[in-house]
Amino acid sequence: MTGAPLIVLVGPMGVGKSTVGQLLAERLGTGYRDTDEDIVTAQGRAIADIFVDEGEAAFRALEKEAVRSALAGHDGVLALGGGAILDPDTRALLAGQRVVYLSMDVEEAVRRTGLNAARPLLAVNPRKQWRELMEARRHLYEEVATVVVATDGRTPEEVTQAALDAVELKDV
Ligand SMILES: Nc1ncnc2c1ncn2[C@@H]1O[C@H](COP(=O)(O)OP(=O)(O)O)[C@@H](O)[C@H]1O
Ligand SMILES: O=C(O)C1=C[C@@H](OP(=O)(O)O)[C@@H](O)[C@H](O)C1
Ligand SMILES: [Mg+2]
């Protein structure tokens, strides 16, 4: 498959990019791809292990390449890792794409991610870390977004429908 993705999902970890991405792909009858999964498959290691073994900078380099490759080689729904938009080259590549920013408030974030060890950036004091993370990133999500879809108090199915309505793509 080649060409630009139909939809690219961005937003903080735990907001539902992977869950909603798969539902969106089903509704649109297209493929689903997730850059975190691409990295895990290529490296044969969990994301958390890459962070621990090699550090965040090494992970970001792998992520940048995974996103570049997926944007060029996937025409379905693409979910990015929550920190992918930190890279300026990645943000430039997202310009002109149909980008859906899934958003949520801090309390919803803590409820969903909790103390999940698979998300190393939230391993200690998740509420404080989530706040700081969003202060640093919110404007970047907004910068790349075509539309913003709030997920608070919505089921994954409701978020999926809201995203379809927002981008005005009809499911088949
Ligand atoms: N709308 C939602 N409401 C409640 N829980 C959700 C919702 N969307 C996702 N979740 C749950 O939150 C967690 C993180 O979802 P995930 O899709 O992995 O997020 P992301 O890929 O953005 O990190 C999972 O346990 C998932 O089942
Ligand atoms: O926000 C981040 O910096 C990260 C988000 C994670 O992906 P999800 O957003 O899918 O959880 C994963 O890429 C890694 O743990 C770093
Ligand atoms: Mg994910």
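Positions of Cβ are set from backbone N, Cα and C atoms, glycine also.
Per TrEMBL, the candidate among GLY16, GLY76, GLY82, GLY153 that belongs to the substrate site alongside ASP36, ARG60, ARG137 is GLY82. Of the listed binding-site residues, namely SER18, THR19, the sparsest CB environment within 10 A is found at SER18. Looking only at Cα atoms, VAL15 (ATP binding site) sits nearest to GLY82 among the binding-site residues ASP36, ARG60, GLY82, ARG137. Taking the C-alpha positions, the distance from ARG60 (substrate binding site) to GLY14 (ATP binding site) comes to 18 Å. A distance of 9 Å separates the Cα atom of SER18 (ATP binding site) from that of ASP36 (substrate binding site).
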